[in-house]
Amino acid sequence: MPADAPGDTSPILKLRGVTKTFGAVTALDGIDLDIHRGEVVALVGDNGAGKSTLVKILSGVHAKTSGTIEFNGAEVSIDTPGRAIDLGIATVFQDLALCENLDVVANLFLGQEVGPWRLNEVEMEVRAWKLLGELAARIPSVREPIASLSGGQRQTVAISRSLLLNPEIIMLDEPTAALGVAQTAEVLNLVERVRDRGHGVILISHNMEDVRAVADRIVVLRLGRNNGTFGPEATQEELVAAITGATDNSVSRRAQKRDAVTEGEVS
Amino acid sequence: MSDTQKFDRADSRVRADDGLGGALRGFVDRMRSGDLGVLPVILGLIVIAVVFGTLNPVFMRPANLTNLLFDAAAVGLISLGVVFCLLLGEIDLSIGSMSGVASAILGVLWVNVGVPWPLAILAALGAGTITGFVYATLLNKFGMPSFVSTLAGLLALLGLQLYLLGNSGSINLPFQSFLIRFGQTMVMPGWLSYLVALIPGATIFWFGLKTRAQRAQANLSVPALSVLIVKAVVLTAIILGAVWYLNQGRGVPWMFLFFMGLVAGMEYVLTRTQFGRSIFAVGGNREAARRAGIKVERIRIYAFMLCSTFAAFGGVLAASRLASASRQAGTGDVNLNAIAAAVIGGTSLFGGRGSAWSALLGVLVIQAISNGLTLLNLSSSLRYMILGAVLAIAVIVDSLARQSRASHGRA
Ligand SMILES: Nc1ncnc2c1ncn2[C@@H]1O[C@H](COP(=O)(O)OP(=O)(O)O)[C@@H](O)[C@H]1O
Ligand SMILES: [Mg+2]
């Protein structure tokens with residue numbers, strides 16, 4: 001756990017009433033969310049709860065329907081992926097979004113190539129190995145097309161890519177879904193390292209053990225709405241109840257209240 | 001420093017394909033997995049040379065080959081342009097008409113209006129650039145598939161060509177002008193052609209050495225010097241041989257060198273610049289490219305503009321080759337020949353794979369077949385059927401190679 005509570009600074013990212021509709025489907029309905037420096041926020045919820053949609057809105061893939069997003073205190077409109085990257089929001093998408101026909105180096109540096117008019121392949125390759133090394137990635141060759149990599153290897157490439165620009169916030173959408181035991185541990189270590197560098201992390205995962213191991217706060221989405229915020233010490237029952245909505249929400253409401261007090265966030 | 005300490009040699013599962021043997025092994029592996037590269041084209045050219053050379057000895061005479069190269073430059077340029085569209089997974093079916101419009105603009109402005117020919121060429125190229133912009137905008141703003149918009153463009157441009165040429169139907173271009181000599185007779189002096197023939201090998205060798213030094217300094221594995229030398233020597237030998245053979249007849253056309261220069265330039269753009277990388281990315285996975293912050297719409301605009309501009313340039317060269325701008329320019333098989341050349345050369349119709357070289361290699365195949373059939377006095381009806389079959393075969397090879405790569409996990 002970080003020594004100082006993250007609540008004493010203003011959030012890097014502050015969402016208020018973010019709503020997203022796809023035609024008749026309301027994927028997100030009035031989402032509030034704060035991300036502080038040096039904080040890992042886990043976003044959990046059942047399939048279809050809207051987690052990926054939220055990530056896509058913050059990464060400029062989808063436009064929000066309504067609501068406000070503040071970045072470092074100023075309201076921003078993240079209307080393109082390029083805008084999100086410029087702000088310092090890096091994303092590992094659930095569907096990875098890699099170009100199969102390009103090699104690992106080209107994918108890592110896509111859109112951020114060294115030497116736009118004269119690509120510096122040597123420097124890119126060296127930095128690629130270093131980035132992959134941070135994840136203890138097992139990629140035999142960075143000059144193979146992505147198509148020849150396994151699911152787990154692709155996932156490490158996607159995660160490494162998010163670290164390239166030293167972003168302020170990293171969002172990881174189910175990053176460990178295709179990973180083995182050791183790799184999962186590496187990713188969780190990485191999440192902690194990123195947090196300790198003072199960046200904010202949004203982690204989406206279905207594995208409650210992983211979530212509790214690294215998260216400073218656990219935010220539950222259910223059917224596109226906020227359904228409670230928990231500390232890492234929350235019990236499995238509490239989380240499951242909030243995720244599935246199986247029991248009365250008093251449990252989560254209590255947890256939310258307690259969280260709000262400890263974090264000084266009462267608005 | 002031992003090999004295992006190098007960044008890219010730390011993983012014991014990677015076979016280190018060092019030296020000549022290693023290079024050969026890597027080559028065989030790539031072939032097997034459907035990464036055929038230029039091999040089918042080279043084989044195709046050899047078969048063509050043997051077949052047509054046997055049927056009619058004139059085919060392989062140096063003078064005929066020079067003629068062939070003169071003819072190849074125009075279609076080759078059009079083909080070079082369409083590579084940009086194909087790499088995006090798009091297509092431009094109006095490149096033939098575009099080249100016809102360009103030749104009409106050249107003829108009208110130069111001969112009828114009296115504008116100096118360089119300015120007339122600029123106007124023709126400008127018309128191409130604008131046309132490409134229109135196609136890209138139709139795609140970006142209205143989601144109009146490029147094969148529809150360019151099919152509409154094919155007809156519209158043909159109409160424009162007929163309108164520009166008016167009742168005369170054909171405009172003869174001044175025979176004594178530089179442009180026409182460039183398109184019909186100008187060949188390189190022998191000594192210069194040999195000197196230029198050394199450039200590709202020397203370039204490969206020089207940059208190969210530089211890359212080796214950089215990689216060594218960066219603690220990456222260094223490709224074997226022997227492979228580099230063999231590559232450079234073989235390439236130089238082939239080009240020198242070809243140049244020597246051509247010099248036994250009329251020599252190497254300046255126009256073909258001009259085309260080669262543009263191919264080399266575009267190869268640089270595609271493989272060594274951020275723009276080129278973005279084209280491959282958009283062609284490989286548009287959504288991934290977009291999420292990486294690439295401005296997909298802008299890339300499309302540039303690619304379509306390049307495509308149509310090169311088509312217009314090809315039209316200009318075709319006009320200078322024929323010394324006329326006519327209603328027939330750019331019609332008939334020009335369109336499909338240019339697209340077929342790119343595909344035969346190894347650019348995929350499915351996007352994301354290909355090279356500028358494919359235009360060069362493919363156009364040689366197409367032009368050789370076309371030239372050989374003409375020498376056999378076959379009517380154009382048969383020529384069309386045979387070229388149609390060749391295109392079909394090229395697309396089948398492309399498809400099969402794609403499936404094979406997929407099953408071997410190589411995109
Ligand atoms: N592009 C889209 N078009 C229409 N509906 C969508 C789209 N993306 C997501 N949805 C809908 O939004 C809801 C939330 O999806 P998603 O964010 O992917 O959930 P999660 O990641 O939490 O499993 C689902 O009901 C899904 O069907
Ligand atoms: Mg999801």
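Even glycines carry a Cβ here, placed using N, Cα and C.
These figures come from a predicted structure and were not determined experimentally.
According to TrEMBL:
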TRANSMEM  B:36-56  transmembrane segment
TRANSMEM  B:68-88  transmembrane segment
TRANSMEM  B:95-113  transmembrane segment
TRANSMEM  B:119-139  transmembrane segment
TRANSMEM  B:146-166  transmembrane segment
TRANSMEM  B:186-208  transmembrane segment
TRANSMEM  B:220-246  transmembrane segment
TRANSMEM  B:252-270  transmembrane segment
TRANSMEM  B:301-322  transmembrane segment
TRANSMEM  B:334-352  transmembrane segment
TRANSMEM  B:359-378  transmembrane segment
TRANSMEM  B:384-401  transmembrane segment
Whether the transmembrane segment (B:68-88) meets the transmembrane segment (B:301-322): three or more C-beta pairs under 8 angstroms: yes
Intrachain residues whose Cβ lies under 8 Å of the transmembrane segment (B:359-378), provided they are six or more past its termini: 38, 41-42, 44-45, 48-49, 51-52, 55-56, 58-59, 64, 67-68, 71-72, 75-77, 79-80, 82-83, 259-260, 263, 337-338, 340-347, 386-387, 390, 394
Range from B:95-113, B:119-139, B:220-246, B:334-352 with the greatest count of C-beta pairs under 8 A to the transmembrane segment (B:301-322): B:119-139
Criterion met for the transmembrane segment (B:95-113) and the transmembrane segment (B:220-246) (at least three Cβ pairs under 8 Å): no
For the transmembrane segment (B:220-246), sequence-distant contacts whose Cβ falls under 8 Å of one of its Cβ atoms, 6 or more beyond its ends: 3, 6-9, 16, 18-20, 22-23, 62, 65-66, 69, 193-194, 196-198, 200-202, 204-205, 208-209, 211-212, 252
